[in-house]
Every structure is written in C-alpha cells, then in structure tokens.
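In what follows, a single structure is set out as structure tokens and then discussed.
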Number of protein chains: 4
Amino acid sequence: MRIGVLTAGGDCPGLNAVIRSVVHRALTGHGDEVIGFEDGFKGLLEHRYRKLDLDSVSGILARGGTILGSARLERGRLDEACGHAEELSRELGLDALIPIGGEGTLTAARMLSDAGMPVVGVPKTIDNDISATDRTFGFDTAVGVATEALDRLKTTAESHQRVMVVEVMGRHAGWIALESGMAGGAHGILLPERPFQIDALCAMIEERFARGKKFAVVCVAEGAHPAEGTMRYEKGAIDQYGHERFTGIGNRLAAELEHRLGKEARPVILGHVQRGGTPTAYDRVLATRFGWHAVEAAHERQFGKMTALRGNDITLVPLAEATAALKTVPGHRMSEAESVY
Amino acid sequence: MRIGVLTAGGDCPGLNAVIRSVVHRALTGHGDEVIGFEDGFKGLLEHRYRKLDLDSVSGILARGGTILGSARLERGRLDEACGHAEELSRELGLDALIPIGGEGTLTAARMLSDAGMPVVGVPKTIDNDISATDRTFGFDTAVGVATEALDRLKTTAESHQRVMVVEVMGRHAGWIALESGMAGGAHGILLPERPFQIDALCAMIEERFARGKKFAVVCVAEGAHPAEGTMRYEKGAIDQYGHERFTGIGNRLAAELEHRLGKEARPVILGHVQRGGTPTAYDRVLATRFGWHAVEAAHERQFGKMTALRGNDITLVPLAEATAALKTVPGHRMSEAESVY
Amino acid sequence: MRIGVLTAGGDCPGLNAVIRSVVHRALTGHGDEVIGFEDGFKGLLEHRYRKLDLDSVSGILARGGTILGSARLERGRLDEACGHAEELSRELGLDALIPIGGEGTLTAARMLSDAGMPVVGVPKTIDNDISATDRTFGFDTAVGVATEALDRLKTTAESHQRVMVVEVMGRHAGWIALESGMAGGAHGILLPERPFQIDALCAMIEERFARGKKFAVVCVAEGAHPAEGTMRYEKGAIDQYGHERFTGIGNRLAAELEHRLGKEARPVILGHVQRGGTPTAYDRVLATRFGWHAVEAAHERQFGKMTALRGNDITLVPLAEATAALKTVPGHRMSEAESVY
Amino acid sequence: MRIGVLTAGGDCPGLNAVIRSVVHRALTGHGDEVIGFEDGFKGLLEHRYRKLDLDSVSGILARGGTILGSARLERGRLDEACGHAEELSRELGLDALIPIGGEGTLTAARMLSDAGMPVVGVPKTIDNDISATDRTFGFDTAVGVATEALDRLKTTAESHQRVMVVEVMGRHAGWIALESGMAGGAHGILLPERPFQIDALCAMIEERFARGKKFAVVCVAEGAHPAEGTMRYEKGAIDQYGHERFTGIGNRLAAELEHRLGKEARPVILGHVQRGGTPTAYDRVLATRFGWHAVEAAHERQFGKMTALRGNDITLVPLAEATAALKTVPGHRMSEAESVY
C-alpha cells in the first residue's frame, strides 16, 4: 500500500508521535510505503511530499510541532480538490490518506472521502472537544502545563496576598480549565459552558479571605463569559490607533475583581505555552495508538472513518459523526469541581 | 454525617488528593464531619484518628505520600475487627468509612462491609491492574517517571553504543512497561503477561545495529520472565553470606544480553522512584473525582462499593467485583506496541 | 544562642530552604534555639514568633513560598524599631537575627544593625541584581520556568508562522531575559540596560523570514524600553474607567511588531509563574549554603554582614556594600547573546 | 576562518548547545566556515566531516546527545596524529579546531596543540571535576535528575518505613552526590573524597528512627568507599559464570545497612539517566557561552587554551593547567552538608 499522511491546523503535542507511528506500523507491520505531504492539504494539492522511512521519523516521538508542517487551506481550493479527488488519489498513487487534524481538518477529510478519496482521519485538538472520542492527544499536555503554572502561582499568590486570574485555552469547551483548575486547586473555575456569576465569585473569594486565607486563584477558560450585564469590564481598552486591546476575559476579569474587591488582582494569560513542546507520556501513547490503528483501518479499507478512544480501546467512528457535535463539559462534571476549594 | 477516611498499602501519588477531596466535598458540600485514621486500618482498630478540617488538607493536593500514614495490618487483627465491625462503627460514631488502597485493602474493605461496616472504597494502585476501573490514579505518574528516564537514556545510549535495560514496576501486570515503553520509544517491551523469547529479542537488537543504529533500549516489567529454559541467567548471584542477590529480571537480562550479543548492556532499575512524589495533573483529577464520588456514595448509602472510572465517568462497582480478577495487558495492546521501533 | 529568622519581600523559590538550613545548622551543629518571626519585620516588632525545631522544618526544602509568611513594613515603623533596636533584641532574647530578603529588606537589616541589633543578612532576589554576590537563589528557578515556556513556544510559533513576544521579569536588570533568552534560543533579547532599536529588531525578524524561517521569538525584560521616540506604541490603552491598561512592554511590543511587520505577533506575559513553586536543585543548594553560613557568621559575631557567593565559595560582605549598587547586565554579556539566532 | 568542531567522550547534556553556539558565533559574528567532524577525533583523522550551517544546528539547543557523534580514540592513533598535526591541519584547511570533551579529550587536545595544531578546547564533564573551571556544563542537569529522584523517594520511603540508598555518578569526585544530596535532603551523603564510617552512618539512621522518623535516605557517589575493613559487604556476589555482580557501592551498602540495622534497605542506582536528555537552562547558558568564547579565542589566536568559568566570567586557561589536577570536594563543602538532616 502507499499511504499518505499530513498534519493540518494548529500545533498540538503528539502530532509527530502519530506520524512516527503511522510510518512504523505501515513499514514494519505491512511493508507499505509512506509519503508525508508538506503543509497540510496544500502539499496534497500541490504534490509536495517526501517519502518517510524509519530514519526520517527517528527521534521525533517526544518532539513538539510537526515535521511535515501545517497550513490552513482556503475553502475554495478544498472544494476544487473535492471536484477531482479520485483523480488526485490516482495521480499520487495513494491507497490511503491519513490526515491528522481538528474539526476543520476532519470536515475537509469527510468531504474528500465523500468525493472518493480513501481517507482515515486522526482527530487532534488540545481542547478535547470532539464528541466521538473520550480524549484527544495534546489535551493532557495542555492540562499539565496549566497545572504547573497554577502550582507555581499558588505559593506566590500567598506571599503577595492577592487574587490571581489564570486564563487557559478553551474557546467553546472548558475542559482545560476544568481539569487544570481541579488539578491545580483553583478556587474558582469558569467555563464557556455556563455564564458565570461575578457576584458569587466575589463572595467566594471574600469568604476565603474572611477565613484567614491570604490569596485566591481563579482559573478561567478563554471562552468563559459572565451572565449578561453583570460585569462592568465588558469591553477591553482602546489603544492610540483605535484598536481594542486587553479584551480577553482573563484581563477583564482581573480588572473587575480588583475594582470590586479592592484587592490586587493579576491576570496570567498562559496562551500558546499550552500547545507546544514535548507531549506527556499519556499523549504520546494515545497518539501512537491512533497512528497504529489508522494504518490498520486503511488495510481494512475502513475509509471515511476516524480513530477514537472509548474507555481503554481504540475504535473507528464515521467522520460524519465525529464532527457533528462539540463535546462540552456537562453539568455533573462542573459540580465535581465546585466544592474544591 | 461522620465520615472516616484512611489510606493503606504502599505509596501512590494521589493519596493526598483523595483525602483532600473527601474533606472538601463532605464539609463544604454536605456539612459533614470527617476524621482521618492514622496508619491505615491500624488506626481504625486502635481508635487513633484526628479531625480533618479544611486547613488540615490545605496545600496537600500536589504532595506525594499520605498525611495519614499507612501500615500493613495482620490478617488476624482484621478478622478480629470483622467480628465486631458494627460495634466498632458505633463506638467511633462512623456513618461511613472510606478506605483508600489496593487489592489487599479493598479485600479488607469488603470483609468489613460484609460484617456490617458502612464502607465505600477508593481503589489505588500504580500498577493499574484492577479490572473494575479503566484506570487508577498513580499509574499516570509512574508512567511519566519511567518515560522521562527512557527519554534521557536514549540520547546517552546512542553516545555510548550500548544496550540499556530499564526495569519498571509491574509484578503481575505490565501496564507501566507497556505505556512507558511506548511513550519512551523502547525497542523491546517485555511484560509479565507473555513469556518473552530471548532469541527474538536478540535478533531484533542485532537487526537494529545492522541498520546502523548505535543503541537499543529494552523496557522490562519486574514481573516479566523468559520462556522456560531459554535464558542462561536464570538465577541471581550469591553473596558472601549465601544470600541470592542481583535476582531481578532487569539485572539478569542485561547480563544475558551482554553475554549473547557481545555488546555492553547496562541495567537501570527505576524502583521506588516510580511511586513517590508529586502526582501528574491526570492523577490529581482522577483522585479528586474518586474522593468526591466516594462522599456522594456515602450519602446515597451505596455501601459495599468502590469508585471506578469508566470512559469519562465515575461509577460505583461492588467491592466483590472489584477484586475478582486482575486486569492484565490483553494481546491486542501488546500488538500495538510491537511495531514501535 | 537564640537566633531569630524572618523572611521579607516578595516570594522567591528557596526561602524555605534557607529557613530549614538555619534551623538544622543551629540546632544540630551548635545546640542553639531558633525562633521564626511571622510576616517579616512585622512579626519582629510585634513579638509574633514561634519556636522552630527540626520537625517544624521537615519536608519544606522543596516547597515554594515561606512557612513564616512575609509582609512589607512601612518606613515609619522601621525607623521606630531602629530607635530601640538594642532594647528589642534584649526583650526578645535575640543573640542574632537572620533576615532573608531583597534590597529593601537588606537596607532595613543594615539600619537595624547600625542601631545595635546583631544582624546577619541573607540576600534574596529572583532578579539576580545584587552586586555583592555572584548569584542569588530563586534566579535559577525563574530562568528555568521562562526557558521551559520558550521551549514550548518555539514549536508552536513555527506551526502558526508568527512572532511571539515573551515578557519575563526584570525591572531594572535583565538577567532573567538574558539567560532564559539564551537558554531558550530567543532570536531577540531585550534588556533594561540598553534601549532597544525597534528598526533593528524588525530587520532581524524580516531577515529570518527571508531565510525561510517561519517564526521568531523575542524575549523581553519587563523593564526594557525602546530608544526614545522610536516606538509608536509608547502608551497602553484606556479602559472604560479611564485607567491605562495593556501598558507592559510585552503587550506594546507585540502590537508594534504586528503593526510594522504585517505578521501576527502574540505577547505572552509570564508574570508571577516565574517566582513561585519548587526551587531548582541549584537554588536549593545555594539557599541551604546561605543558611548554614549565616548561622556560622552569627557564632563568629560577624554582624552587619550578609552571605554572598563568590565563585564556588560563600563569603561575608558588609550589608552596606551589598545594597550599594544594582548589578546590571554588562555589555560583554549582551554581546555573547547577540549572535545567538 | 575555517573552524573545525568535534565532540569526544561520554554523553553530556549541553554538547549540542556548544556546537550550535560555535556555528552561530562563527557564521554570523565573523563570517567563518565551520565543519563538524564525525565521531570525535576519529572523524578528524579520517577526514570525515560535514559543513555546518545555521540550518544544520537549528532545533538542537535543548536536545541531549551530540549531532556529531562521539567515539573513543586509541592512544596509538592519537600519537600518530600528533606526528603530523600541522600537515593534518593544512590538508583539512583548518584554521582552528574546537574539541569538546573531558579529561582524556583535553589531554589529546593539548598533545595536538603541542604538535602544532591550532586548538581551543571546551571542557565537558558531568562530574564537575576539572579544576580550572568553577563549573562544567552537564553537571547541573545531572544534579537536577538526581535531586528529582531523591524528592520522589522521600515520600515513598516514608510510607514504606525503609532506608533508601541512592547511588549517583562520581567516580573520583563527589560533586553530584554532594549537591543532589543537599538539594534532595538526603540524611547521609557519602563521597569518594573521604572514606565513610559505616558505624557512624548506622548510628545516625538509628537516631533518626529513634526520633520517630520513619525513613532515611542515603546519597552515595559511585566512587565512595568505606574506611578499610569496616564493611562486611566488601565484595559483590558471584553469578553462575563466576563473574562478580552486584559490586557497586550502592548495592553493597544497602545490603550492609539491611544486615546491620535489621530494616529493609533498598538500593536505587540512577546510572545513565543522569547523563542524557535535555540540559537545564543553566547548562545551556554555560555551554552556549563556552562555544561563543571558543570562537573568539580562535580569532584571537589563543591556541593551546580552553574556556573556563570563573565567577560570572568566561576566561581562557592553558590546556596543560586544565588537566593537571582533579577538582575534588574540599572538606569545608562536606561540612556544610553534614548538619543537613
């Protein structure tokens, strides 16, 4: 078999582990040939690829980033590709394509699959918000990075007697905030899934200080927002060019808390630190298993599907299903985190 | 409610996170009282306990070990306790007891439960070998420690052109070896579940060297063993007092490989480094959830059960079921790891 | 001897290691008594202290923060204390006081010493800007945290083809930016010691992109500033209450680069993550040695001095000298960092 | 200028950082050409080298191992090379050679230099035992790895009520044991520099247990040895082939302590984990500075010297001086560590 692999979308720890696993399994398990397309779907359309042998994936298991590069593809070019998907596969001699990516990539994968390309997807998102799989690789690493930051901030917040607001990733789903907040012992955890009550948050913090505690740490997902009309800092600030700055919820919430509580409140915006670098062991194992099973799926001609974790097992689910609904934090998970202060 | 909590058996990262979570949920969620018994079941039998308030669990979330201490209990004393379990509960005013421990502890918990004590167990084992739950806390930390060691050894093995044999924990189940071996990119992974073929292992290593690779890393579970009669180093060495030393599989395998391959082979026995210290974020979350749900179970009078992870959810399973069978690595998981070199 | 110890000023990894070392050396080396004052000099003035025995410092070596607490003291109260320093020592039965702190603390220490209190100081600053000592504890930890962030950002910046601006601590001295920038392979390193040329920075970044590199990382000390009149974003933005926000150099520089280069540029403000949490081995050793030598100095009645590192040795320097001049990054150190891209 | 660089001897975190720095400084600072010899001096003698441009050192700053490979050279071939050192330089067009290595490498470097080759050495040893420099890169990383192991072992030792013996690297100098022992809070630290008293060690441990402590951790350098005739386990054990096994001091000391104290004592031999993998920020900075200054020295024609750290500055010292005497742990440093339990 001749198998193509590509990575698309943003960075995510574990991408290289998937690529390496695809190459290992295909070459040593099946005697396949593997080619890697450069810069995501762009490389596919432009026939830019290189052969991947064992040496080419040596030493990349623990490395962040992707050796294949990644780039966004305009919708127009994707549609065009779908128009001649079978021909493209034939020209490239592709028996299977394994695109690794997030929601957008998987949607593109589904479209190409529907158009006749033999595709097996591998889901990727540090946000952990794909419903068809229990977990995605990259998420554990992101939670680990955020937790370490919370660990460090807790001792320093105590010494300085202040409120720390830590903004973590999660635009539509609050998984990173939930799990890093629990693991790092945050006193408040604010998620996109449920508008937060600024009054209740302030009351909790004041109650802590009243109990003699000298600091509080709030972990807020970038997509969290207050119940409508309750927060004064609803907007950012305006710079000299008229651009709005300082608009993120972490910055605004710190300002709000300082304003309301009369205590120093400092924002820490972790940002892209969460999505780069060496993956955790958990993410490397999951990524490796996804790669292995993607190759097996190709050999079983299970096209139009993607790999997914269910309990301890890797299964295959239709790509259509995979991107149907966002997996958000359910209410019972929020409850678990509530009494943790 | 008056809830007792105790930790029994060996060290495991996450014990303190469970204790803290029990206290938080019981006190702030239900207004309960929580007491912590010292040194496991011993403290229970000897009425040695202390009240646990929010302050007493402050700052312990990320700390290794257990603030309550742990000790093994002789079988005789346990039987005795079972003889007056209801009375003991009454004397201590216990509405629920939450013992946190491994197989032995959960068996004791079941016996006390059968004898009339209101018990909700929390499973604990770094080996991840309890069938009733997808994962146990402590395991992720152990895998992380072993993986970091493998990462470091790979660069140094290359420079020194040698074979490294890394022995990790896992007497009866090879989960740590499997996952750290995959995450750390070991070239051979040897598990207790399947006797290994020393000839095949040597052939694989020689094939690597023939391909121009300058080193090989083998990850072996402490409980792994060769197919009968195939390894010359079947025994350890004898010290001046006649005690057998150097008996572990890591030591013997390194000697065997050196002997057979004519290349330097060095054992690294990670040992207790794997079971101490700060838990990973994953383990802290799982431990915290287990503690939370154990308190809920107590309030719902779901006694004789223990907490378990299934997919992304925490459920309750009967203690009897929990300790029925060891969860070993199934064949399909071993296959996933095979082509990874 | 009866020795008092206190910690003052901001958090710094290693404070607990000093306290522990003072207690160990004084008790087991000399049979002294040690008392710890709470909340810095406040506890001294208010006679709030507790006896520190071996148990009270057990397990704190690797812990961030300070078990004694810390607080700022108003100048007035310090002056008052200086007015009756000898009397205060007598009342408390103090044969020696070991204050651990930064420039402000050491200045206060000098004043109390001049007023007759038997003082041996221990310098503390994550900024590493005290001239009398080669290094201070806390600095290595801060550099380590910043370096890890840079490591992670480099892979992710590449995938996203953007410029990352990482702001690290260092108001008056750029040591953290210098060393983490070098260790993390930043392409630009901007220090408070020398106004930076925004044109030259842009040229360097453009040259990188012209060479086919897909990202650039700039490490900027919070106290760095552009050559006068060269940067358009000289001010922050104005929020709805008229407060200036978004004023830090990291935020403004990212805006400026985006504006000038026409490429996405993102700020990451590491903030207090750098000054909390577990100290590195280096910082623990240095802190432990400082504590040990402070006790020895007390026994040798070397009052009015503080501990300092010179090469590999710990020496004593007069407190007056210690706070005389800020240790800034010299030109030759900047040159070393310049060609590193 | 045409500058050659090579790495020789065992693995050491920071080697790649030196190579990268040499390339950066030479190319962007001076417009030089740099070639890298493969497998140490072997590559030099066999004219095996490759040109190193900026791309070839991209991404290696934080990577363990050496991209150039390393190998030991037989004395005979070195002598031969010295016989035509000038000719060799001429043939290769070498204006300067920068060998990076330990004592053996620096001795070879001195011999080649004496024979007319333009050499600037860079010292490398994780043992930190070269007298001419305050510190060597690799050492900080090794201490960090050993300290993390000690951190983890302390919580687990407590739970299991046992004595842990941790053997760290250091055949002739005990720097790693000293600093990791201090940083990790070991209760006993045993160094090659001073034969240890097994009776005194046992008394200390018994005193700890008598004080109610439940564990003890001993950090022993691989080169440490007991005062003559005091330890029963003077030899290892004999395996079935008559080879002595289990000979290391860590293994023997654990057996001895178990025998004498009647308590479980477990050895942990950290081994090569200490010398591989990602270097700490400290080591990356030092390695980068050494590389930078080696290039400067080449341009200043300061041949026959090597880079060295003195206080905060990098200086040059004659190669002859550099390898004259081993830097061992002085008595006053041992004293500092003594009261730390």
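Keep in mind that glycine also has a Cβ here, set from the backbone N, Cα and C atoms.
Nobody curates TrEMBL annotations by hand; they come from automatic prediction.
Record check: TrEMBL places C:R72, C:L73, C:G102, C:E103, C:G104, C:T105 at the ATP site, and the matching candidate among C:G4, C:G10, C:G14, C:G170 is C:G10. On the backbone, the CA of C:R171 (substrate binding site) and the CA of C:R72 (ATP binding site) stand 19 Å apart. For chain A, the nearby binding-site residues by a Cβ gap under 8 A, listed in sequence order, are C:G10, C:R275, drawn from C:G10, C:G102, C:E103, C:M169, C:R275. Taken together, the residues of the domain 'Phosphofructokinase' (C:2-297) have an average pLDDT of 93.
Across the structure, C:M169 (substrate binding site) and C:G104 (ATP binding site) place their CA atoms 18 angstrom apart.
Just so you know, of the binding-site residues C:G10, C:G102, C:G104, the Cβ with the fewest other Cβ atoms around it within 10 Å is the one at C:G104. DSSP assigns C:T125 (substrate binding site) to coil in the three-state reduction, outside any helix or strand. Calculated from their C-alpha atoms, the gap between C:V273 (substrate binding site) and C:G10 (ATP binding site) amounts to 13 Å. Taking the binding-site residues C:L73, C:M169 in turn and counting surrounding C-beta atoms within 10 angstroms, the largest count is reached at C:M169. Counting only residues at least six positions away in the same chain, the Cβ atoms of C:T125, C:I130, C:T323 sit under 8 Å from the Cβ of C:E103 (ATP binding site).
Residue with the densest Cβ environment among the binding-site residues C:R72, C:R266, C:R275: C:R275, by other Cβ atoms within 10 Å. Sequence-distant neighbours of C:T105 (ATP binding site) (same chain, 6+ apart, CB under 8 A from its CB) are C:A8, C:G9, C:G40, C:F41, C:P99, C:G121, C:K124.
On a Cα basis, C:R275 (substrate binding site) lies 8 Å away from C:G10 (ATP binding site).
The residues near the ATP site, meaning same-chain residues not in C:G10, C:R72, C:L73, C:G102, C:E103, C:G104, C:T105 whose C-beta sits within 8 angstroms of the mean position of the site's C-beta atoms, are C:A8, C:G9, C:G40, C:G101, C:A108, in sequence order. The 10 Å shell around the Cβ of C:T125 (substrate binding site) contains 25 further Cβ atoms across the protein chains shown.
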